[in-house]
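Colleague: Handing you this structure, nothing more for now.
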Amino acid sequence: MRLVLLGPPGSGKGTQAARLKDYLQVPHISTGDLLRAEVAAGSPLGLQAKEVMARGELVSDDILLGMLEDRFSRDDTKAGFILDGYPRNLVQAAALSELLARLGQKFDFAVQLEVPTELLVERIAGRAQAEGRADDNPESVRKRLQVYTDQTAPVIDFYRQQGELTVVDGVGSLDEVFTRITEALAPAKEVG
Ligand code: B4P
């Protein structure tokens, strides 16, 4: 299955993708994790991305597409994938469609996790305490939410217009949200 998880920061994309990869037996590709690995390694790309991420802004589309092409060149993506954190704007959505067409791969679903803003802020504040991620401070969180509204929300319409969007309520326990996603995907899982 080829899946994209959409939702604002704190909506549970990374959390649910980590569970879905075992359920669907396909790799979980988180562009945030790929970028954080580059930052931790101190690579030239990581050095470029570090400040942008800490401010809560989007890293350049060219860097992201290069990373994605590189990841998709690995054999484990042939049977499917769960993309978490990409696409984050309409340019990236078009780039993903082109990449999949070039690879002869059919896209299945975009799953949108819906969570009210107050709860997002609460969850991220919890992670800030637990993990101390550089972009989980209040100022960056505000910026990330704004970037989501301005640039990522239109991606939801992109998939809706193509008839590829499934909306899932992201409020509840990790298990409750996971069950809702798997129920939404069940018909496609049986077919493919
Ligand atoms: P990401 O790593 O994608 O970060 P995120 O949007 O905050 O989502 P994440 O998946 O980590 O959090 P989740 O909702 O699962 O991106 C970080 C940065 O990288 C971006 O700001 C940008 O700079 C850059 N970047 C990444 N992709 C890019 C792209 N395509 N283009 C350009 N730049 C890009 O979870 C959050 C918290 O909520 C966790 O603590 C979790 O435990 C908790 N939680 C989740 N579900 C819950 C539930 N049901 N109940 C209670 N708590 C829950």
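The first residue you see is number 1, and the count goes up from there.
Placed from the backbone N, Cα and C atoms, the Cβ positions cover glycine too.
Quantities reported herein were computed from a predicted structural model and do not represent experimental measurements.
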Colleague: Among ARG19, ARG74, ARG144, ARG160, indicate the single residue that TrEMBL lists for the AMP site containing THR31, ARG36, GLU57, LEU58, VAL59, GLY85, TYR86, PRO87, ARG88, GLN92, ARG133.
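Modeller: Of ARG19, ARG74, ARG144, ARG160, ARG144 joins THR31, ARG36, GLU57, LEU58, VAL59, GLY85, TYR86, PRO87, ARG88, GLN92, ARG133 in the AMP site that TrEMBL records.
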Colleague: Need one residue: from GLY46, GLY163, GLY172, the one TrEMBL lists with GLY10, SER11, GLY12, LYS13, GLY14, THR15, ARG127 for ATP.
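Modeller: Candidate in the recorded ATP site: GLY172.
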Colleague: Could you state the whole-number distance in Å separating the C-alpha atoms of VAL59 (AMP binding site) and GLY14 (ATP binding site)?
Modeller: 18
Colleague: Under 8 Å between C-beta atoms and at least six apart in sequence, can you list the same-chain neighbours of LYS13 (ATP binding site), or say none if there are none?
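Modeller: Expected: LEU5, LEU6, GLY7, SER30, ASP84, GLY85, LEU113.
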Colleague: So which one is it: of the binding-site residues GLY10, GLY12, GLY14, GLY172, which has the fewest other Cβ atoms within 10 Å?
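Modeller: Lowest Cβ count within 10 Å among the binding-site residues (GLY10, GLY12, GLY14, GLY172) is GLY172.
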Colleague: Long-range same-chain neighbours of ARG127 (ATP binding site), Cβ under 8 Å, sequence gap at least 6?
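Modeller: Same-chain residues close to ARG127 (ATP binding site) (Cβ under 8 Å, separated by 6 or more) are GLY10, ARG133, ASP136.
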Colleague: Where DSSP helix means H, G or I and strand means E or B, what are the helix, strand and coil counts for the region 'NMP' (30-59)?
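Modeller: Secondary-structure composition of the region 'NMP' (30-59): 23 helix, 1 strand, 6 coil.
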